[in-house]
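> The structure that follows is given in the form of structure tokens.
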Amino acid sequence: MAQQGSGYQARYKRILLKLSGEALMGSEEFGIDPKVLDRMALEVGQLVGIGVQVGLVIGGGNLFRGAALSAAGMDRVTGDHMGMLATVMNALAMRDALERANITAIVMSAISMLGVTDHYDRRKAMRHLSAKEVVIFAAGTGNPFFTTDSAACLRAIEIDADVVLKATKVDGVYTADPFKDPNAEKFDHLTYDEVLDRKLGVMDLTAICLCRDHKMPLRVFNMNKPGALLNIVHGGAEGTLIEEAQQ
């Protein structure tokens with residue numbers, strides 16, 4: 001059930017939450033961990049309970065990785081289409097978890113899947129969000145050669161979100177992979193150009209440039225930290241904030 005907030009005023013009215021497909025695996029090596037789904041549904045429900053409008057984009061890497069097949073000769077476009085279908089599967093699983101928690105949710109796919117999902121329509125998505133329904137955007141942009149990170153930034157701009165929240169396994173952006181380099185240092189704040197100049201692997205170039213060109217703030221945080229998502233929405237300084245340079 002969408003839980004009521006603790007009285008704090010939410011900093012953001014509408015957010016776009018980007019989850020990687022790998023995040024749904026939990027401790028598994030493949031697929032979807034139901035416990036992770038339920039926990040994420042609970043955290044999203046907390047946001048809905050304090051009046052925050054939530055759009056979701058989920059990757060598909062827990063179900064399909066096209067890189068190995070592409071290296072073996074598979075056509076890139078075919079691989080990307082398979083990846084889009086994986087994101088739809090994750091979106092349906094998340095919708096089910098939300099509905100079991102009594103949170104109204106809808107899946108809107110960029111590729112037509114009549115009888116399975118709604119087709120993406122910006123105006124309808126905005127109406128669902130305004131009605132406090134969670135909208136899960138599936139199938140990326142509907143085009144090959146674009147990542148789900150790019151899709152998340154594109155949808156955030158289209159629905160006029162206040163911020164893109166990218167959930168990862170680490171608590172922000174580092175100078176290097178903190179799992180591999182113990183001396184890696186965390187950034188609390190970056191500009192889009194600093195991310196591009198330093199070649200930091202936050203998102204792909206297209207996604208970062210989309211955010212920069214449309215002045216869409218981006219925060220990278222650790223979804224595995226309990227309460228981190230709610231803290232961000234209340235204005236907390238979790239993870240790393242990426243935005244335009246202050247004048």
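A Cβ is built for glycine as well, from the same backbone N, Cα and C atoms used for every other residue.
Reproduced below are the annotations present in Swiss-Prot:
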- Lys18, Leu19, Ser20, Gly21, Gly61, Arg65, Thr168, Tyr174, Asp177: ATP binding site (BINDING)
- Gly60, Asp80, Thr141, Gly142, Asn143, Pro144, Phe145, Phe146, Thr147, Thr148: UMP binding site (BINDING)
> Can you check which residues sit near Gly61 (ATP binding site), meaning Cβ under 8 Å from its Cβ, same chain, 6 or more apart in sequence, and list them in order?
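Counting only residues 6 or more apart in sequence, the Cβ neighbours of Gly61 (ATP binding site) under 8 Å are Ser20, Gly21, Glu22, Ala86.
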> Can you give me the Cα-Cα distance between Gly60 (UMP binding site) and Thr168 (ATP binding site) in Å, rounded to a whole number?
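Thr168 (ATP binding site) has its Cα 14 Å from the Cα of Gly60 (UMP binding site).
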> Under 8 Å Cβ-Cβ from Phe145 (UMP binding site), six or more apart in the same chain: what's there?
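Same-chain residues close to Phe145 (UMP binding site) (Cβ under 8 Å, separated by 6 or more) are Arg76, Val77, Asp80.
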> Under a criterion of Cβ-Cβ distance under 8 Å and sequence separation of at least 6, what residues of the same chain contact Thr141 (UMP binding site)?
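Counting only residues 6 or more apart in sequence, the Cβ neighbours of Thr141 (UMP binding site) under 8 Å are Ala110, Ser150, Ala151, Leu154.
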> So among Lys18, Thr168, Asp177, all listed as binding-site residues, which is physically nearest to Asn143 (UMP binding site)? Use the C-alpha atoms.
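Smallest Cα separation from Asn143 (UMP binding site) among Lys18, Thr168, Asp177: Lys18.
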> Can you see whether DSSP assigns Lys18 (ATP binding site) to helix, strand or coil?
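Going by the DSSP assignment, Lys18 (ATP binding site) falls within a strand, counted as strand.
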> Select the most exposed residue of Ser20, Asn143, Thr147, Asp177, where exposure means the fewest other Cβ atoms within 10 Å, treating these as the binding-site residues.
Asp177
> If I restrict to non-local contacts, at least six residues apart, and a C-beta distance under 8 angstroms, what lies near Thr168 (ATP binding site) in its own chain?
Ser20, Ala23, Val220, Phe221, Asn222, Met223
> Give me the non-local Cβ neighbours of Lys18 (ATP binding site): same chain, 6+ apart in sequence, Cβ-Cβ under 8 Å, ordered along the sequence.
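The answer is Leu56, Val57, Ile58, Gly59, Thr148, Asp149, Ala152, Val164, Leu165, Lys166, Ala167.
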> Tell me the Cα distance separating Thr147 (UMP binding site) from Asp177 (ATP binding site), rounded to the nearest angstrom.
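With distance taken Cα to Cα, Thr147 (UMP binding site) is 21 Å from Asp177 (ATP binding site).
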> Determine which residues of the same chain, besides Gly60, Asp80, Thr141, Gly142, Asn143, Pro144, Phe145, Phe146, Thr147, Thr148, have their CB within 8 A of the center of the CB atoms at the recorded UMP site, and list them by sequence.
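In sequence order, the nearby non-listed residues are Gly83, Met84, Gly140, Ser150, Ala151.
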